[in-house]
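Colleague: Here it is, the structure in full.
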Amino acid sequence: MSFKRDGDDSSQLNVLKKRRVADLLASYIPEDEALLLKNGSYACTVCHHRPVFNTIDMLSVHRTGKKHLGGLQRYYGKKLEHKNEIQKRRHFDFVRAEDAGEKPPPGPAPLLVQTKRITQNALLKSAPYNSCCSNKKVVANSRNVYDPHSGPSTTTGLNVPLDTQPGPSQPHTSLHSPPTGPCSSPTDEIPPNKNNSRHKKKGEEKFRKEIADPERERNMEHYLQLKSSGWIPDGTGKWVKDENVEFDSDEEEPPALPPS
């Protein structure tokens, strides 16, 4: 889609081209220069005061400022010094191993490692997410549920030694240990939950019926075909033409559902 502009000023055209390129490259920010926070904001990792921005457009405007450009030079200067220091230490270890007559372990070629990383990223369906914010949450439950197949239960909040064996005169008793006797067994005390299994079976049967229903599948295909052809529902159960779509024919009614 192209937009008309007033006048034939070449400078104005260049300004529009530059703005368009800047908009397209706004999201092209290296992963180590920005940080995605838990609340959806963006933090600049280049500047020492870590400014936070609500949108990526505001972050792009900040990246064009003088303070950020100055901090960018210092940031990459420190990274270059760190890289040179690592290379010097590796060279020192290599020379020391040669003087001692030892054979240094062969390491992967840097160019080969870089090529392999680029190839792996190119084969991915989406860009690899790299951020310090982790969505994994570990939920600790202090209550213990007895499982007959897992043996004796263990407590989360109490430090109970497991290697101490109770003597014959002092039987070991616990609130979480199941009662033992000739008339009771763990499997009898904890019957399987039949309601959950019934609901699960009903849900699976309903899902299979929806998948195997040809009428529903035909209706879905017809709906998708109308949407792709430029027809939109008006909310009353009827289909109307989209004003932003050009139609080849002058038909006022959408194509009907084909017979089965």
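Here the Cβ of each residue, glycine as well, is placed from N, Cα and C on the backbone.
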Colleague: Kindly point out the range from 4-20, 140-156 that Swiss-Prot annotates with motif 'Bipartite nuclear localization signal'.
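Modeller: The listed stretch tagged motif 'Bipartite nuclear localization signal' in Swiss-Prot is 4-20.
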Colleague: Sequence-remote contacts (6 or more beyond its ends) of the compositional bias 'Acidic residues' (245-254), Cβ cut-off under 8 Å?
Modeller: 226, 229-231, 239
